[in-house]
Amino acid sequence: MAILDICTYPDPILRQKAASVENIDEALIKLIDDMTETMYEAPGIGLAANQVGRSLSLIVVDLQRQDEEHGLIVLINPQIVATQGEITWEEGCLSVPEYFSAVKRHAEVVVRGYGRDGKEMEIQAGGLLAVALQHEIDHLEGRLFIDRLNPITRDIFKRKWKKKLKEATA
């Protein structure tokens, strides 16, 4: 296994819609393992393939550090098939380091996809797991959590981010 580089905003791959995974082979299993190791090392609770430079519909999520009930979830070609309610949660992102903001999402979701073994699976989630799944699936659509901020907060973020990038290159 290997630690992969995490792409950060404004890397263009973060704005691309991920390609559907057509088959599960050794290369995909290695990517899953590498993404999982990268997520743990970061540390994070979720990671989408495009965050590590691969335009594939693949996510890994593990809330075990936050919630003993859930372990590692690997989802290939995940889709949200049902939603209910609304929740606001303080979110951050490995691709937008050191920035956190409250984001409105669905309180409950049902997600379908395939596991690393190729078997179809369905996950019913609420709370942090629902938020994490929606956040990672957004990545696969080329969306970042900052896109869900209200216009004023998003504008403040963009100004702060430009200043941060300018300082980093000075």
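Residue 1 is the first one shown; counting continues down the chain.
Every residue, even glycine, has its Cβ placed from backbone N, Cα and C.
Around His139 (Fe cation binding site), taking its Cβ as the centre, 25 other Cβ atoms fall within 10 Å, counting all chains. Positions annotated as Fe cation binding site by Swiss-Prot, on the basis of sequence analysis: Cys93, His135, His139.
Under 8 Å, Cβ to Cβ, and six or more positions away along its own chain, Glu136 (active site) finds Gly46, Leu47, Ala48, Ile59, Val61, Pro78. Taken from Swiss-Prot, the feature active site covers Glu136, and the record attributes it to sequence analysis.
According to its DSSP assignment, His135 (Fe cation binding site) is helical. Highlighted in sequence order, Gly46, Ala48, Gln51, Glu91, Leu94, Ser95, Glu136, Asp138, Leu144, Phe145 have their Cβ within 8 Å of the centre of the Cβ atoms of Cys93, His135, His139, the residues recorded for Fe cation, and are not part of that set.
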